[in-house]
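Attaching a single structure in structure tokens format; questions to follow.
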Amino acid sequence: MTATVVEASPCRAGAIAQAYELARRSTVNMWRQPQAWAPGLFFPLMLTAVYAAQFAKAIHQPGFPPVDSYLDFVLPASVLQAVAFGATGGAAELAKDIENGFFDRLVTSPVSRVSILVGRIAGSAIFAGFQAGLIMVLLIAFGVTIKGGVASAAVIMITAVLLALGIGGLGLVLALRSGSQEIVQSTFPVLFVLLFVSGTFWPTSLMKGWYGNVARHNPITWIIEPLRELVIEGWSWGSAGRALGITFGLAVFTTSLAFATMRARLRRL
Amino acid sequence: MTESPLTTGQRVSSIAHDFGVFRALTARGMMRMRRIPALIIPAIMMPMFFVIAFSGSFSALANVEGFPTPRVINWMVPYAILQGASFAGMGAAGGTATDIEGGFFDRLLLAPCRRPILMVGPLGYSALRSLIPTTLVLLLSLALGADLPGGALGLLCLYVAAVGVALLFGTLGLAFVYKFRSLKSLSIVQIFIFGFMFLSIGQVPLALQSGWLQHAARLNPMTNILRLSRQGFLGHVTWHGTWPGLVAIAGLVLGFGAVAYRNLRRIVP
Amino acid sequence: MSNAPIEARGLVRSFGDVKAVEGVDLTVAEGEVFGFLGPNGAGKSTTVRMLVTLLRPTAGTARVAGFDVVRDAHQVRRAIGVALQDAAIDPLMTGNELVRLQAVLHGIPRRVAEARGAELLERVGLTGAADRRVGTYSGGMRRRLDLALALVHEPKVLFLDEPTTGLDPTSRVSLWEEVRRLNTELGTTVFLTTQYLEEADELAHRIAIIDGGRIVREGIPAELKASVGAPTLKVDVALASVDAARSVLAQFGAERPARAGRIAIGLPEGAAQMPAVVRALDDAGVRVSHLELDSPSLDDVFADATGRRLEGADE
Ligand SMILES: Nc1ncnc2c1ncn2[C@@H]1O[C@H](COP(=O)(O)OP(=O)(O)OP(=O)(O)O)[C@@H](O)[C@H]1O
Ligand SMILES: [Mg+2]
């Protein structure tokens, strides 16, 4: 590990090189463990396929957006769901490093502290972009048209990366505070609930009562709906701006919180 | 040699012995569950959430022609309950896997009772504990506006189906655990549960499904079990709606049970 | 076949490529305490697990309490009590709960079980801890509980796999006493595995030494020791003069295995030869730091059979 360390007080270029090295390490690690990421691709795709078949007739009802197939409607949801499945992977790895003491060795070595965190979530974020691309290609092969074209596809991909950073950052905060993999992984049911009580799988305009209200005020809905407009209606600066703005804000907020937590943890040492 | 009641050959009869072991193993499962509530809590929370999320998200299904009830919650309750029962049912396998990993299973194997009792005992625990999520989810659903036009017979069908599902996934789990001797192997069983539950009439009736899913759901025995559990929520209980579910349960339990028993006998004479 | 409580013929067990047990023959007579001695990985536990019906033999047969361990496994289980190497215990249960469960598992009527359970817990000194969860027990307490559990149904044949490993000296001695009592008062046949020579020497009427899956010696400890013949002379010298000492000592007897820095030989005439040995060493200018003459021990039997010493058994 310390082999990558060049000097005791790293200059900016050194920090970037270290972050790159750590990011590469976490990406390669992830790639080598298909059992860690394969379910995160398989289950969302499976869910997409089943939902498309079971809602084949239900989409022809008043109030449902005009789409050729449920797949058009659900594309952004499939992407975000896959991202949510994998986004805490990097944080869980950090928690594992803390559990087994590797983290302490890392912080006492002169590796830049920033690069430790960046390295950990960059892997998840890069992977999220890859997942988004793969899912879009698959769904296009099954007949989906992204009306907003390449630009919309790019926005979906960037949103996926930003969301992975946002959720990953939150995971880092938990990892740094608890130092326990189990706690980081316990965010999964929370994400699952958030995804479900939203406009992810069904238009919120068709949900009744309090449930509809909750779903309409769920931030996931605010991200999904503009992305969906990009797919089924066409390009719009407004939709792109909303999706990117919200996820960017989230990413900045949680990653800053992660850095602050890191500083607090190191002060306690 | 001192004379004691045992050396003079005093033991209970063979049937009383087997029954005693069965009862003790079932009770031991329940005792473990009381001491580690985390063993049952997910199996309660998950179906509760499903009832709320499915009937909230997909309330508009009631507007689709061919959907058999105006109350979407009536459709979703049995599905959520059988999901809960399936996870509760894995208790038999989870407990046995823990025993195998910790060595306690050797003590059970050394008991001079008939071998099937070692399987049936934990299954009794599975069946018993599946009543907990079933009852709690039912109460929650009634509070949220579900009703049961099928009355007491409908209720009976629901409970029979829930216990049946617990038993069938319990035996499937045991088949895996006896073969692979690890708690980890249960994640494969979760994939089975996912497949059985998902490719069925869980969320949407056959008439609304399209293509491949409809074929799969028609062949899936879980579809018959769902019909059995659901009939009391949709109308009156009929023999026609009952027997296919009973046959499916009996067939799967016996089939999985035979595999599990063969795997158990491979471990020991 | 005879009526011996334990009888194995050509027992073999492999795990994939690993041959854990390679053809074990043994006979244990009624009322005997039989010691099964061997180093780590020798195949002791594997043999025990086959004898107690927990493992199917790859080849060979065994009868325990007069029944075949594969065909009549059920009858074998009724007759035996077993305390395995890793005490099979559920940390969530209390001692009392485990005793009650064990009684049910063996079909003992409740009123008999109550009295017997209390008596056994008393005897292994766990009455005070009986209502505590086993997860809070120390290693020694677990082993003692495990022994009590193995006795709940008053087995005719008792299998103990390394019962004293991890026990402190006091607990070890009290466990020995308990085994002896079971054997003499109740006539229980005991099959006991151990890595401790002292334990086998102390407890066993007869022993078998197993190494690499095969029995390399079998018999009554005194006879086995006598068969090794000469007492062992052990000489500690400075490293520099090991070779010189070796050539001197070679004139008196055959070399035996010993740890580094020590030379051991068999001294056919024992103490009578000592003055000559000391003189010869002195003449050769070898400086001796320690010198002892041991009458043959089980360790010598082991060394004679395998060419190695049992770890830590040297002193
Ligand atoms: N389930 C198993 N799978 C594979 N190999 C095994 C298994 N059980 C035992 N072995 C191997 O068989 C050999 C004998 O093991 P065994 O446990 O019988 O030794 P032992 O004499 O009881 O040793 P110890 O004193 O350490 O308890 C060892 O090499 C061990 O690795
Ligand atoms: Mg052993």
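Placement of Cβ uses the backbone N, Cα and C atoms for every residue, glycine included.
Pasting the feature list from TrEMBL:
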DOMAIN    B:22-233  domain 'ABC-2 type transporter transmembrane'
TRANSMEM  B:38-61  transmembrane segment
TRANSMEM  B:81-105  transmembrane segment
TRANSMEM  B:126-146  transmembrane segment
TRANSMEM  B:152-176  transmembrane segment
TRANSMEM  B:188-208  transmembrane segment
TRANSMEM  B:243-261  transmembrane segment
Between B:81-105, B:152-176, B:188-208, B:243-261, who has the most Cβ pairs under 8 Å to the transmembrane segment (B:126-146)?
B:81-105
Which sequence positions outside the transmembrane segment (B:188-208), separated from its termini by at least 6 residues, show Cβ-Cβ distances below 8 Å to it?
54, 58, 61, 64, 66-68, 75-76, 79, 82-83, 86-87, 90, 93, 169, 172-173, 176, 214, 216-218, 220-223, 226-227
Could you give the residue numbers and ranges of same-chain residues that sit at least 6 residues beyond the transmembrane segment (B:243-261) on either side and whose C-beta is under 8 angstroms from one of its C-beta atoms?
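Distal contacts: 115-116, 119, 157, 160-161, 164-165, 167-168, 171-172, 174-175, 178, 221-222, 224-229.
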Residues sitting near the transmembrane segment (B:81-105): Cβ under 8 Å, six or more positions beyond its termini, same chain?
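Residues 28-29, 32-33, 39-40, 42-44, 46-47, 50, 122-123, 125-127, 129-130, 132-134, 137-138, 158, 161-163, 165-174, 176-178, 181-183, 185-186, 189-190, 193, 196-197, 222, 225-226, 229 contact the transmembrane segment (B:81-105) from elsewhere in the chain.
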I need to check the long-range neighbours of the transmembrane segment (B:152-176): which residues 6 or more away from its ends have a CB within less than 8 Å of a CB in the stretch?
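78, 81-82, 84-94, 96, 119, 122-123, 126-127, 129-131, 134, 138, 185-186, 188-189, 192-193, 225-226, 228-229, 231-233, 236-237, 242, 245-246, 249, 252-253, 256-257, 259-260, 263-264.
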